[in-house]
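Working notes, beginning with the structure itself.
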Amino acid sequence: MATPHINAEMGDFADVVLMPGDPLRAKYIAETFLEDVVQVCDVRNMYGFTGTYKGRKVSVMGHGMGIPSCSIYATELIKDYGVKKIIRVGSCGAVSTDIKVRDVVIGMGACTDSKVNRIRFKGHDFAAIADYKMVKAAEEAAKARGIDVKVGNLFSAELFYTPDPEMFDVMDKYGIVGVEMEAAGIYGVAAEYGAKALTICTVSDHIKTGEQTTSEERQNTFNDMMIVALDSVLLGDAE
C-alpha cells in the first residue's frame, strides 16, 4: 500500500519511528543500533528501515529538511501506516550561553516563524508541544545512562540563511534551547492525527560564538542522542 512518497507495505513500519533529516543518517542508525534490519522504502532516496532494538521492533526513516518535507512524511506514516509515535533525532544550533556545543537537548515545545500550524488551526496560534510521557521517558533514559540533557523549547525556523540575525537575541531572552527546522511541524502533524511526537537534538554549532563540532565529534554526541531515544522507547513501553 504505497503512498505518493513512501513505497512500503502496511505492517512494514513499527508503531514507533525515529526520524533524522538525512536518509543516510537513517541508514547509519539502522546499521549501528538495530538488529535484523530490513529496508522498507526508498522513494526519492528517502530511506526507511525496520529492525529491533533489544528485541523491540523499531523503524527509522529520513524526513528531509524543513517543515514541509517532514510534515509530508510524518503525515503519511501516521495516517497511512498507523505509526503511533515519532521521535525526531537531529542537530540544532544554540543561541544561549547556557547551552554548549555537543549538548543533547529535548524539545518539550517548538516555537516557529512558519504559518503551517496557524493554517491547520484555523488562523489561531497552536501550542506545538511534545508528548509529556515521551519527554519524561527520554529524561529518565538519559539519567540512567549518565548523559546530561537540557529540556526546553526549540525554535523551528523557515529559513536556514536568515535575513534577521537579531532574532537570535530574542530567542536567547526567551530561553530557546536550540534552533532547528522541523519540530513544530512534526508536533502539529502528530496533534492533528492523534499521534505522539518528541524531538531530541544534538547541538552541532553555537550561533553566537561560532563554535562548531567536527564530524567525529558530531558522530560521538549523535550516538548519545540515539541511545537516549532508543532507550526511551523501551521505557515508554514499560509505563
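Cβ atoms are placed via backbone N, Cα and C, with glycine included.
As given in Swiss-Prot:
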BINDING   HIS5, GLU180, MET181, GLU182, SER204, ASP205  purine D-ribonucleoside binding site
BINDING   GLY21, ARG25, ARG44, ARG88, VAL89, GLY90, SER91  phosphate binding site
ACT_SITE  ASP205  active site, proton donor
SITE      ARG218  site 'Important for catalytic activity'
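Structure with Swiss-Prot features highlighted.
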residue : record                                  : DSSP class
HIS5    : purine D-ribonucleoside binding site    : coil
ARG25   : phosphate binding site                  : helix
ARG44   : phosphate binding site                  : helix
ARG88   : phosphate binding site                  : strand
MET181  : purine D-ribonucleoside binding site    : coil
SER204  : purine D-ribonucleoside binding site    : strand
ARG218  : site 'Important for catalytic activity' : helix
Key: The one of GLU180, GLU182, ASP205 whose CB sees the fewest other CB atoms within 10 Å, among these binding-site residues   = ASP205
Query = What subset of the recorded positions GLY21, ARG44, GLY90, SER91, ARG218 lies within 10 angstroms of GLU180 (purine D-ribonucleoside binding site), using C-alpha positions?
reply = GLY90, SER91
Query = Of all the recorded positions given, namely GLU182, SER204, ASP205, ARG218, which is spatially nearest to ARG25 (phosphate binding site) at the Cα level?
reply = ARG218
Cα-Cα distance maximum in Å, computed over every pair in GLY21, ARG25, ARG44, ARG88, VAL89, GLY90, SER91 that the record assigns to phosphate = 22
Request  = Cα within 10 Å of HIS5 (purine D-ribonucleoside binding site) is the criterion; apply it to the recorded positions GLY21, ARG88, VAL89, GLY90, SER91, ARG218 and give the hits in sequence order.
outcome  = none
Inquiry  = Rank the recorded positions HIS5, ARG25, ARG44, ARG88, ARG218 by how many other Cβ atoms lie within 10 Å of each Cβ and give me the one with the fewest.
reply    = ARG44
Note = Cα-Cα, ARG218 (site 'Important for catalytic activity') versus SER91 (phosphate binding site), nearest Å, comes out at 9
Inquiry  = I need the CA-to-CA distance for SER91 (phosphate binding site) versus GLU182 (purine D-ribonucleoside binding site), whole Å please.
reply    = 11
Key: Span of HIS5, GLU180, MET181, GLU182, SER204, ASP205 around purine D-ribonucleoside - largest C-alpha separation, Å   = 31
Key: Rounded distance in angstrom between the Cα atoms of VAL89 (phosphate binding site) and GLU182 (purine D-ribonucleoside binding site)   = 10
Remark   = Cα nearest ARG88 (phosphate binding site) among binding-site residues (MET181, GLU182, SER204, ASP205) -> GLU182
Inquiry  = I need the nearest neighbour of SER204 (purine D-ribonucleoside binding site) among the binding-site residues GLY21, ARG44, GLY90, using C-alpha distances.
reply    = GLY90
Inquiry  = Taking the Cβ of each of the binding-site residues and counting other Cβ atoms inside 10 Å, which one has the highest number: GLY21, GLY90?
reply    = GLY90
